[in-house]
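Feature list (source: Swiss-Prot):
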TRANSMEM  61-81  transmembrane segment
TRANSMEM  83-103  transmembrane segment
TRANSMEM  112-132  transmembrane segment
TRANSMEM  133-153  transmembrane segment
TRANSMEM  168-188  transmembrane segment
SITE      ARG182  site 'Important for ion transport'
BINDING   LYS190, LYS689  substrate binding site
BINDING   ASP193, ASP197  Mg(2+) 1 binding site
SITE      ASP227  site 'Important for ion transport'
SITE      ASP234  site 'Important for ion transport'
TRANSMEM  265-285  transmembrane segment
TRANSMEM  300-320  transmembrane segment
TRANSMEM  413-433  transmembrane segment
TRANSMEM  472-492  transmembrane segment
TRANSMEM  593-613  transmembrane segment
TRANSMEM  620-640  transmembrane segment
BINDING   ASP650, ASP682, ASP686  Ca(2+) binding site
SITE      ASP690  site 'Important for ion transport'
TRANSMEM  695-715  transmembrane segment
SITE      LYS701  site 'Important for ion transport'
Amino acid sequence: MQMGMAVLVLVIACGVLSVLFAIWAIRSVLAADQGTQRMQEIAEAIREGASAYLTRQYSTIAIVGIVVFLLAWYLLSLNAAMGFLIGAVLSGVTGFIGMHVSVRANVRTAQAASLSLAGGLELAFKSGAITGLLVAGLALLGVSVYYFVLTVWLGYAPADRTVIDSLVSLGFGASLISIFARLGGGIFTKGADVGGDLVGKVEAGIPEDDPRNPATIADNVGDNVGDCAGMAADLFETYAVTVVATMVLGAIFFHGSDALTNVMLYPLMICGACVITSIVGTFFVKLGVNGSIMGALYKGLIATGLLSIVGLGVANTLTVGWGEIGTVAGKSITGTNLFVCGLIGLIVTGLIVVITEYYTGTNKRPVNSIAQASVTGHGTNVIQGLAVSLESTALPAIVIVGGIISTYQLAGLFGTAIAVTAMLGIAGMIVALDAFGPVTDNAGGIAEMAGLDPEVRKATDALDAVGNTTKAVTKGYAIGSAGLGALVLFAAYSNDLAYFAANGQIYPYFADMGPVSFDLSNPYVVAGLIFGGLIPYLFGGMAMTAVGRAGGAVVQEVRRQFREKPGIMTGKERPDYARAVDLLTKAAIREMIIPSLLPVLAPIVVYFGVLLISGSKAAAFAALGASLLGVIINGLFVAISMTSGGGAWDNAKKSFEDGFTDADGVKHMKGSEAHKASVTGDTVGDPYKDTAGPAVNPAIKITNIVALLLLAVLAHMA
């Protein structure tokens with residue numbers, strides 16, 4: 001136990017170091033030059049809008065959170081309720097601080113880019129690293145410190161149901177914040193983007209981020225609340241939920257074993273080691289002699305990945321060792337095999353990054369095919385974009401299948417869980433790449449609105465083009481890890497269910513229930529699969545509808561301002577930017593509530609609905625389990641299709657900004673008919689990649705978390 005205590009303290013120290021590094025980076029970013037007075041005024045407007053939105057969003061979520069906290073206390077225990085509170089608060093804090101920094105880094109990045117491309121890259125990436133390392137550090141601290149409190153201060157055994165229920169509740173707290181942040185932020189950002197583009201670019205013929213567009217500040221606010229705060233909450237949740245699910249599986253599989261304590265500390269130690277490798281990896285991001293921005297970012301990612309192999313070895317040595325740990329379902333589990341599973345997780349991450357970049361990167365076949373289709377019109381652009389979005393699901397799915405089968409062969413379901421933990425271990429670096437995107441996007445907007453030299457806009461555009469790809473890449477990573485993480489949660493559900501059923505004398509609700517069969521000949525299983533499969537589609541449809549409504553409101557507002565203030569187009573009158581921001585804030589908060597509750601309530605409806613119809617608890621649990629699989633499988637394909645397809649549409653549009661040469665050798669420039677067709681495609685792709693697709697992510701996991709909590713609640717019933 002002494003060694004276990006030392007490892008736990010070391011894990012907590014790694015989390016603290018990550019937060020300290022983020023604080024140092026914040027001081028460094030805020031010390032940079034803010035540029036001209038005009039630049040600072042624009043940045044202040046973006047900052048005010050983002051803060052107003054996030055404050056209102058979290059105030060709304062807090063009401064839901066208080067109700068859930070009281071329910072968790074009443075139905076489970078105070079410890080479980082506190083776990084929920086820790087997960088929710090830390091998830092919110094991560095997003096808030098990340099956005100707080102990004103809305104201050106944007107103007108500083110624009111100023112740095114006016115001096116050199118390398119300076120702009122360094123500042124934008126450093127601000128992204130702050131969000132990334134806060135996500136990893138606070139998620140690791142949340143789980144490890146609460147586990148320390150439960151097992152050391154309160155004296156519970158590591159596999160005690162109180163510990164497991166409390167940690168699962170922590171994951172639920174993070175999930176609830178995540179789904180609201182992802183969906184609300186996505187509705188805001190894409191409502192502004194779609195509305196601003198349709199009237200500004202297509203109708204008025206003015207460029208992106210033109211200060212004459214009344215929606216331009218709202219668009220820049222949206223980049224921060226969607227891509228920074230939203231992604232931070234999403235990956236915080238995936239990180240926390242995956243670590244918790246792996247610990248729960250460890251507690252189930254190794255219950256009563258001497259290796260139990262070390263097995264439960266193993267995923268925490270992997271994440272602790274990988275936090276350190278992510279910190280070291282940030283120092284490798286430097287612009288090389290070839291001037292490749294993506295190359296500079298990939299240097300950091302590759303360094304983190306290679307160092308993480310060493311980190312995995314350290315985690316093995318300090319916890320489970322290299323020999324045999326125990327036997328699970330007749331399969332011998334060794335430390336060496338678990339180490340290889342961790343390596344497979346890192347390889348899966350690398351492959352998903354490469355595949356996503358191929359489908360969304362400029363000058364790659366998929367993006368060029370959409371740009372080429374734009375030459376023949378709006379309809380062909382949309383058709384080809386949909387074709388690319390569907391095609392983009394195949395390779396990631398094959399990689400994920402390979403990861404599942406290979407890790408299962410090596411170490412069973414616990415091996416798969418360790419692979420996902422290793423994937424999430426490097427989340428600090430991955431989120432840094434993502435949060436880099438909104439900062440560079442905002443920097444370009446500020447440069448345009450402040451009327452800086454065209455060379456500055458050229459530098460920020462180069463950073464922004466890479467930022468678009470990194471945002472797409474990180475979404476691919478987030479979806480892949482979410483799909484695998486949800487599979488681990490499903491394994492926890494099925495094994496938890498088997499545990500309760502086998503111990504009916506302790507848990508009366510499960511006594512005399514009979515065996516639960518997930519056999520496909522069971523009609524309740526098929527019904528559950530179909531019901532679960534519809535959730536990502538219905539959820540995605542609701543999200544797209546919400547963006548359409550918000551975007552429509554922005555279109556009306558921008559048209560109204562152009563109509564009532566004709567001086568806007570000549571520069572004699574100033575647009576009312578705050579009106580569009582306020583309108584979108586209200587719309588996003590209003591539109592996010594019902595879709596967000598769908599994946600939370602669905603498992604409860606499935607269980608009690610089937611129980612009412614069949615009168616059989618076993619049939620109800622089988623239908624619920626099958627519905628979780630339906631959500632995971634369809635959710636994975638819907639999310640990958642939407643995010644990769646949307647990213648490809650976006651970069652196809654960007655191809656025209658520097659001039660796109662078609663198959664016949666004709667060059668099409670910005671403002672051409674082909675460019676207008678590409679803007680239409682991007683208008684469809686925007687809510688695909690930034691609202692519906694990413695929000696399916698937390699929806700997949702929250703259904704599984706709710707199912708786990710439902711088991712815990714039923715187990716507490718007399």
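Cβ coordinates are placed from backbone N, Cα and C, and glycine is handled just like the others.
Overlay of Swiss-Prot annotations on the structure.
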residue	record	contacts (Cβ under 8 Å, 6+ apart)
ARG182	site 'Important for ion transport'	GLY230, MET231, ALA233, ASP234, PRO694, ALA695, ASN697, PRO698
LYS190	substrate binding site	GLY222, GLY226, VAL547, ALA550, GLY551, ASP686, PRO687, ASP690, THR691
ASP193	Mg(2+) 1 binding site	ASP219, GLY222, GLY551, ASP686, ASP690
ASP197	Mg(2+) 1 binding site	GLU208, VAL679, ASP682, THR683, ASP686
ASP227	site 'Important for ion transport'	GLY185, THR189, ASP434, ALA435, GLY437, PRO438, ASP441, LYS471, ASP690
ASP650	Ca(2+) binding site	THR360, ASN468, ALA472, ASP682, GLY685, ASP686, LYS689
LYS701	site 'Important for ion transport'	SER175, GLU237, THR238, VAL241, ALA482, GLY485, ALA486, LEU489
Conformational class of LYS190 (substrate binding site) under the three-state DSSP mapping: helix
Seg_contact(the transmembrane segment (168-188), the transmembrane segment (472-492)) with at least 3 CB pairs under 8 angstroms, min sep 6: no
Fewest Cβ neighbours within 10 Å, where candidates are the recorded positions ASP234, ASP686, ASP690: ASP686
Positions whose Cβ lies under 8 angstroms from the transmembrane segment (593-613), at least six residues beyond its ends: 60, 176, 179-180, 183, 524, 527-528, 531-532, 535, 538-539, 542-543, 546, 619-621, 623-624, 627-628, 631, 695, 698-700, 702-703, 706-707, 710
Long-range neighbours of the transmembrane segment (620-640), counting only residues six or more past its ends (CB under 8 A): 392-393, 396-397, 400, 476, 479-480, 482-483, 486-487, 489-490, 493-494, 497, 513, 516-518, 522, 524-537, 540, 599, 602-603, 606-608, 610-611, 614, 692-694, 696-697, 699-700, 703-704, 707, 710
Close approaches to the transmembrane segment (413-433) from elsewhere in its chain (Cβ under 8 angstroms; 6 or more beyond its ends): 18, 125, 128-129, 131-133, 135-137, 139, 231-232, 235, 238-239, 242-243, 245-246, 249-250, 253, 263, 266-267, 270-271, 273-275, 277-279, 281-282, 297, 300-301, 304-305, 308, 311-312, 328, 333, 337-338, 341-346, 348-349, 403-404, 407, 470, 473-474, 477-478, 480-481, 484-485, 487-488, 491, 495
Contact ranking winner - 265-285, 300-320, 695-715 against the transmembrane segment (61-81), Cβ under 8 Å: 695-715
Positions whose Cβ lies under 8 angstroms from the transmembrane segment (300-320), at least six residues beyond its ends: 3, 7, 10, 125, 259, 262-263, 265-266, 269-270, 272-274, 276-278, 280-285, 335, 338-339, 342-343, 346, 349-350, 353, 422, 425-426, 429-430, 432-433
Cβ packing number for LYS689 (substrate binding site), 10 Å threshold: 28
Sorted by sequence, non-ASP650, ASP682, ASP686 residues with Cβ within 8 Å of centre, Ca(2+): ASP193, GLY646, TRP649, LYS653, GLY681, THR683, VAL684, GLY685, LYS689
